[in-house]
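Below: one structure, written as structure tokens.
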Amino acid sequence: MNGSDHIAVGGKPVAAPPGERDGHKDPARRFFGRRKGPSLSARQQSLLAGVGRRIGIGVSSGEYPGALEPRDLFAGLEGGADIWFEIGFGKGEHLAWQAARNPDVGLIGCEPYLNGYVGLLDKIQDKGLGNVRAYADDARHLLWRFPDACLARVFLLHPDPWPKNRHAARRFVRPDNLDLLARVMADGAELRIGTDHPVYRRWTSVHMAAHPDFEWLAEGPDDWRTRPVDWPETRYEVKALEGGATYFRYRRRCRRCAAATATPANMAKTI
Ligand SMILES: C[S@@+](CC[C@H](N)C(=O)[O-])C[C@H]1O[C@@H](n2cnc3c(N)ncnc32)[C@H](O)[C@@H]1O
């Protein structure tokens, strides 16, 4: 199989070959969340068959860097248009909000929980959004195929916290996934991470500070405690506000500029 096999866009999603879908023996490459909830209603099934067939992306979970150019997923978008990417969009409130306000941007979202995925399809239909593509599985399947420096913005909003120590390796924020994001993000691209969970807040702060390719865009507490105006509340955020959300914004450092490392000053920027 080569990198262009098992890609379907705007068509029926292609099932990953047996053994690939979650079949990676390596636990670091597996998805541990849930995929299925209550049975889909007739309306939800018709959304899947209609909007889903039009905007859904189907790929296998193989690792083929450069095999999938994200701009090719958008027929009507300007050649140089920015592509934004959301990991785990839940029911798609944030993704749909961004798509409606940024019609010149192409937005790609990933959500393995089918009932959540269908929630986005509903919003796409309702708002008539033409600039969204979606993948109903692990975001890394797409990231593993994207070429270098192709994304202008990445959102990771209220990722599953996996608060127990023995599950820490399941957290999305971890060195291998950050290396992957650093590869596919363009110089100067922004990574937004939202969390209300104290364990995840500290974890994110420490891991991001240790990564040489990201720079934290915060000067003081207001910058991480106050929600930016172009960052709408997500479903999880509304549910969990008693903890107080943290709004992390990082910039992907310029590749040619200083070969920055985690300097003591950088490390000090943790909370
Ligand atoms: C706690 S929910 C937050 C949903 C939404 N972002 C919000 O703030 O309302 C985390 C979501 O991330 C999804 N998720 C977890 N790991 C993922 C992965 N590797 N790729 C894509 N989505 C993932 C889960 O299915 C779940 O819906």
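Using the three backbone atoms N, Cα and C, a Cβ is placed for every residue, glycine included.
Annotation source TrEMBL lists region 'Disordered' at 1-42.
As annotated by TrEMBL, compositional bias 'Basic and acidic residues' applies to 19-29.
Taken from TrEMBL, the feature S-adenosyl-L-methionine binding site covers GLU86, GLU111, ASP138, ASP160. DSSP assigns GLU111 (S-adenosyl-L-methionine binding site) to coil, not to a helix or a strand. The Cβ of GLU111 (S-adenosyl-L-methionine binding site) has GLY88, PHE89, GLY90, GLY92, TYR117, LEU120, ALA134, TYR135, ALA136 as same-chain neighbours under 8 Å, each 6 or more residues away in sequence.
The substrate binding site feature in TrEMBL is assigned to LYS164, ASP196, THR234, ARG235, TYR236, GLU237. Using a 10 Å Cβ-Cβ cutoff, GLU237 (substrate binding site) registers 22 neighbours.
Rounded to a whole number, the distance between the Cα atoms of GLU237 (substrate binding site) and ASP138 (S-adenosyl-L-methionine binding site) is 21 Å. For the binding-site residues given as LYS164, ARG235, the lowest number of other CB atoms within 10 Å of the residue's CB is seen at LYS164. Screening the binding-site residues GLU86, LYS164, ASP196, ARG235 for a C-beta under 6 A from any atom of ligand 1 leaves ARG235.
Looking at GLU86 (S-adenosyl-L-methionine binding site) and ARG235 (substrate binding site), their Cα atoms lie 14 Å from each other.
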